[in-house]
Amino acid sequence: MVNIRPDEISSIIRQQIEKYDQDVEVANIGTVLQVGDGIARVYGLDEVMAGELLEFEDKTIGVALNLESDNVGVVLMGDGRDILEGSSVKGTGKIAQIPVGDAFLGRVVDPLARPIDNKGEPASNGTRLIESMAPGIIGRQSVCEPMQTGITAIDSMIPIGRGQRELIIGDRQTGKTAVALDTIINQKGQDVVCVYVAIGQKASSVAQVVSSLQEKGALDYTIIVTANADSPATLQYIAPYTGAALAEYFMYKGKATLVIYDDLTKQAQAYRQMSLLLRRPPGREAYPGDVFYLHSRLLERAAKLNSDLGGGSMTALPIIETQAGDVSAYIPTNVISITDGQIFLSGDLFNSGIRPAINVGISVSRVGSAAQIKAMKQVAGKLKLELAQFAELEAFSQFASDLDKATQNQLARGQRLREILKQAQNSPIPVEEQTAIIYTGINGYLDDIAVNKVPDFIIKLREDLKNSKPEFGESIRSSKKLDTASEELLKKAIEDVKQGFVKA
């Protein structure tokens with residue numbers, strides 16, 4: 001018979017008790033009540049946070065937006081075709097965040113920062129919340145550096161500064177995206193990181209943007225975030241916040257950044273769709289009550305940081321599409337009141353051949369000359385007034401037959417000024433050449449040149465300054481002002497070029 005040794009048995013039991021280790025994982029689980037139209041109603045999930053990411057059985061991710069007494073309204077970030085009634089939903093305990101890093105430059109990503117350009121996964125330096133807090137009042141400084149767009153009409157009359165929010169507004173097909181892309185192309189060599197956010201656009205349009213940026217060598221410092229027209233409304237809604245989060249990563253490293261939201265009308269429509277499906281009460285134009293907050297919390301993230309925070313900046317160029325030039329609709333008025341000015345593009349001007357079709361009368365920059373170099377302030381001070389007076393006279397002169405000499409001269413000057421502000425797409429002009437062009441027009445040097453010859457004259461003048469008098473450009477780039485020596489050089493260049501152009 002075997003001897004039973006109680007001490008041995010008790011030591012074995014003690015060892016097993018010590019080794020016993022049970023990991024208890026507490027999960028927040030709910031059940032799908034109904035699903036459809038990109039919305040799921042979920043029962044349970046008592047511990048869920050507003051905006052928390054939820055994972056469904058088929059690995060679809062959703063965001064908890066409506067926290068009601070008996071269920072949770074969830075918007076889906078996928079089509080959710082495999083989600084069934086009664087299937088389980090798990091809370092992740094995380095708020096939406098994306099990977100960020102320098103490797104995202106030159107890449108095309110979706111609103112969750114997943115690459116869609118078949119170039120592999122970009123290396124990330126960490127993550128950022130998609131919806132992070134905007135910098136506070138103390139962390140900011142006033143806008144003081146220019147963000148040159150390369151478009152003469154904008155840089156002279158509606159200047160944009162680093163850290164400003166300038167709305168680009170107009171009907172469809174008036175060149176809104178062209179203005180934004182020209183601005184990106186003009187940042188080449190300026191050490192500015194650009195983010196282009198395409199919301200609800202055709203995939204072919206986005207492909208065109210990518211190829212034109214690539215052609216101009218601008219893709220190397222640009223990140224493209226796209227939620228195409230066939231993407232779920234949730235992705236179209238979060239795309240601008242993703243773009244802002246990517247730009248913030250660079251801004252807090254002390255860099256200047258430029259973000260283009262193309263366009264926020266489609267984001268508002270996606271948000272309206274989600275809100276109505278979640279049965280939130282509709283307001284004006286069926287938009288939910290918090291549609292103002294939708295855009296204000298996005299655009300407030302644009303800032304010029306003070307030197308303690310590294311002095312970085314985020315400049316925002318939101319785009320809004322109007323219907324038949326109606327700027328008094330709900331979304332346009334909201335965004336106009338949030339931004340620091342607007343550039344209004346007119347369909348009538350566009351169709352009459354004035355491109356970029358900027359309506360100078362109702363376009364404004366609330367930062368003003370603080371965002372201009374001194375040379376531009378010196379020459380462009382009177383330009384807006386001259387053009388406004390010309391527009392008034394032109395309308396009046398259609399009814400009057402005999403005009404006095406002074407009026408005729410003013411009309412002739414106005415026609416030439418309008419001509420010098422015309423510009424081809426994807427061909428930004430450096431600020432020193434813009435200064436020369438405006439100086440020539442505003443001081444009457446073009447008055448004796450035929451209107452149809454003005455564009456050729458400007459091309460020749462730019463060539464002459466670049467090739468024969470490079471010190472003019474160097475002087476303005478270094479001193480930022482038009483001194484007497486530079487002015488004499490410019491006058492000499494105008495005289496030299498004018499010899500082949502004077503009206504017969």
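Residue 1 is the first one shown; counting continues down the chain.
The backbone N, Cα and C atoms fix where each Cβ goes, and this holds for glycine too.
Remember, it's a predicted structure, so these values are computed and weren't measured experimentally.
According to Swiss-Prot, the ATP binding site annotation covers G170, D171, R172, Q173, T174, G175, K176, T177. According to Swiss-Prot, the site 'Required for activity' annotation covers S363, on the basis of sequence analysis.
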Q173, T174: which of these binding-site residues has the sparsest Cβ neighbourhood within 10 Å?
Q173
Roughly how many Å separate the Cα of R172 (ATP binding site) from that of S363 (site 'Required for activity'), to the nearest whole number?
17
Expressed in Å to no decimal places, the gap between the Cα atoms of D171 (ATP binding site) and S363 (site 'Required for activity') is 15
Inter-residue Cα distance where the pair is S363 (site 'Required for activity') and G170 (ATP binding site), in Å:
11
Restricting to the chain of T177 (ATP binding site) and a gap of 6 or more, list residues whose Cβ falls under 8 Å of its Cβ, or answer none.
S205, V209, D262, I319
Apart from G170, D171, R172, Q173, T174, G175, K176, T177, which residues in this chain have a Cβ no more than 8 Å from the mean position of the Cβ atoms of those residues at the ATP site?
E321, L345, G347, F350, A357
Most Cβ neighbours within 10 Å: which of the binding-site residues G170, G175 is it?
G170
Tell me which residues of the chain lie with their Cβ under 8 angstroms from that of S363 (site 'Required for activity'), as long as they are six or more apart in sequence?
M157, I158, G341, Q342, I343, F344
Find, among the binding-site residues listed as D171, R172, K176, the one whose Cβ has the highest number of other Cβ atoms within 10 Å in the structure shown.
K176
In three-state DSSP terms, T174 (ATP binding site) is classed as coil
